[in-house]
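Comments concern the structure below.
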Amino acid sequence: MHLSLKSLLREYLRPALMLTLLLTILLGLLYPGVVTALAQLLFPYQANGSLRYADGRLVGSELIGQYWTSPKYFHGRPSATLSDDGSHLQPYNAENSGASNLGPTNKVLVQTVQQRIAELKRENPDAPPGPVPADLVTASGSGLDPDISIAAALYQVPRVAKARGLSQETVRQLVLSHVQGRFLGIFGEPHVNVLDLNLALDALKH
Amino acid sequence: MSITFNSFVQIALFLALVLALTKPLGLYMTKVFNGERTWLSPVFAPLERFLYRACGIDPAREQRWTGYVIAMLVFNLAGMLLLYGLERTQQWLPLNPQHLGPVEPQLAFNTAASFTTNTNWQNYAGEQTMSYLTQMAGLTYHNFISAATGMALAVALVRGLARHSAEHLGNFWVDLTRATLYILLPICLVGALVLVSQGVVQNFNPYTVVHTLDGGLQVIAQGPVASQEIIKELGTNGGGFFNANSAHPYENPTALTNLIEMLAIISIGAGMFYMFGRMVGNTRQGWALWAAAAILFVLGLAVALPAEQGGNPLLAHLGVNQQASALQPGGNMEGKEVRFGITDSVLFTVTTTATSCGAVNSFLDSYTPLGGLVPLANIALGEVIFGGVGSGLYGMLMFAILTVFIAGLMVGRTPEYLGKKIERKEVMMAALALLISPATVLGFAAVASVLPQGLASLTTNTGPHGLSEILYLYTSSNGNNGSAFAGLAGNTPFYNWTGALAMLIGRFAFLIPILAFGGSLVGKRVVPAGPGTFPTTGPLFVSLLVGVILIVGALTYFPAYALGPIVEHLLMLAGRTF
């Protein structure tokens, strides 16, 4: 090894700096730029966020869950996202995604779930008694879960039907027709997209 | 009892896909690193030649192990400084539609160390902190080159084993450039577009403002996500564009993207085992390592999957239905997404920690104690279960050396591996490489669990779970994984500095003995196998190797785990909360 300053510069420093510069241009600018151009050309709907419109008005993204409170809409899962400054809970804040990170033996988790069950039962007096679907009382990983389980949707059918003056059977059929199955019948879990379902509910009225 | 039939089918198919990808990828990588022409050469060879010319690199000139190390260190230092600079000046640079300010110095340092070392630990929320330019030119760039660095080093070590009576291990610049141009970049170009077709976003738009049907206001973060997402997995990096990482629907919208992302995480690591066999002239040597990894992979699933599918008994008492059925995934759904349920969440978690990826599609801090123990132990075992790109192979080879050494001790013969005598110097280097990690992890964790600066960050969880969080932070940092028990408030001076230190030690203090080891082996002669040679291809070797990995891991970490996840599991069954 000849570690003279000159050989150090020629053999190591120049390649290191030049390669850093050129690969930054290639991998950090050209590559994402080319992917963006192709994505915008081939899949503009998906590349821009799968945004949904109703009556010409932007009402959300098919992939990003929303905070639903009105009894006439199906509700999504609890969300543990915080406000932008992190000071307080702000459910479904889509510019600050995140989970509760509550551990399995955390008091706060147990208390929170207990409160959610009570609230859920209060909001859905006509729902079948007994244990409630797990996904309706636990916060998702992203805080932006756009989906609920079939059980969680069926649980809310009596409330939604009553609030809209529809028969439970009509709403039930609507839920079942909006179930998205497993990929190839194997991968993932069957689920119902909440925005999709609620848009269909509103369309039913017209 | 609590695993569903569908779980079995998904896991079997996933492993079959990994198996099917191993040989073609391994063969292709062998060609790339042997400098042969590939079917992509017409496209990339001119670019490759241009890069060498512009950088003053003579591709025919190989380096000794010392030269290889210096090149790697200087190159990584340059990239780390560039990233730090970008983070600190992003407010004046373009592609910042949300007008995000500069990243604070200690957080910028932690992040620069994190992405340079292929860790991608994140003490920040991407959508609140990093401009689009920083995400691309800073973070996406490091996703590529930290992966290519790992691959280059693994190849150098394999050359040390494959060549004999030689001096050189290869040319770092060439290995790095070829890994990037012929392997990572083409797969990413195609993979990113497939992800976009499923709903992963790829734009430079300002965040979208939505007035919801229910009368609310929602601001939805956007960005050039797909191009970073695919290399995040393929390079076993794991740093999410968004805070929620691969749980975020814009990073991982469907079961198909989930499958692609898991395959991207594990395939290069698996393929490198085959490449190793090919380069040393006996593919069965590679398959033996592959088999050991597959056994450990399934073992992890066998613990974590029933634990998560079984759910949280404390919630069952409250009247939560955690039974899997045709209508719901059931199980412990806190921190998990409905589209993935339990199986796809746990499979992703085991995949991301068996390798050094660290991307998550569900939040590990909310896993049951045994469900969370598996990712922790996977990382602590050295991420050799297929492992990170490159790092998995060189880590597994250290265990293989240790295994032949122990086998040699048992029968009283000088151990050999691939026809090379393993002597004092090699065993010292292998032992050093394997001891640095536990010393760093347990040392830092011990300090953090007594200092007020360490304990102050236990803002979400306390009790034994708090200790698990601290152990996880240093295990993940040192193992260059990057997944987290994220309830621990990591963005403090104490954790930013000690975490960054653990990442740098875990990467570079591990790499130097490994290359020294390669440098010492490359000069040795090959002795022909005799009747006393312990074969390193059969089931006996595979079981010994699995045993050594598990015993070394258990002896090192069991006391700490007993106080964290294991005691928490027992207390949870007893109904205790904290």
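Glycine residues also receive a Cβ, built from the backbone N, Cα and C atoms like all the rest.
Bear in mind that the values here come from a model prediction, so they are computed numbers and not experimental data.
Pulled from TrEMBL, these are the features on record:
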- B:67-86: transmembrane segment (TRANSMEM)
- B:139-158: transmembrane segment (TRANSMEM)
- B:179-201: transmembrane segment (TRANSMEM)
- B:255-275: transmembrane segment (TRANSMEM)
- B:287-307: transmembrane segment (TRANSMEM)
- B:393-411: transmembrane segment (TRANSMEM)
- B:432-451: transmembrane segment (TRANSMEM)
- B:494-519: transmembrane segment (TRANSMEM)
- B:540-563: transmembrane segment (TRANSMEM)
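Same-chain neighbours of the transmembrane segment (B:179-201): 28-29, 32-33, 38, 40-41, 44, 47-48, 144-145, 147-148, 151-152, 222-223, 225-227, 229-231, 234-235, 249-254, 256-257, 260, 264, 268, counting only residues six or more beyond its ends whose CB sits under 8 Å from a CB of the stretch.
Sequence-remote contacts of a segment are chain residues at least 6 beyond its ends whose Cβ falls under 8 Å from one of its Cβ atoms, and for the transmembrane segment (B:67-86) they are 93, 108-109, 111-113, 115-116, 133-134, 137-139, 141-142, 145-146, 149, 152-153, 156, 169-173, 176, 508, 511-512, 515. Between the transmembrane segment (B:494-519) and the listed ranges B:255-275, B:432-451, B:540-563, the one holding the most Cβ pairs under 8 Å is B:432-451. Tallying C-beta pairs under 8 angstroms between the transmembrane segment (B:540-563) and each of B:139-158, B:255-275, B:287-307, B:432-451 places B:287-307 first. Long-range Cβ contacts of the transmembrane segment (B:139-158) within its own chain (Cβ-Cβ under 8 Å, at least 6 residues beyond either end) map to 29, 33, 65, 68, 72, 75-76, 79, 83, 115-118, 120, 130, 169-170, 172, 175-177, 179-180, 183-185, 188, 227-228, 231-232, 234-237, 239, 268, 272, 275-276, 279-280, 388-391, 393-394, 397, 511, 514-515, 517-518.
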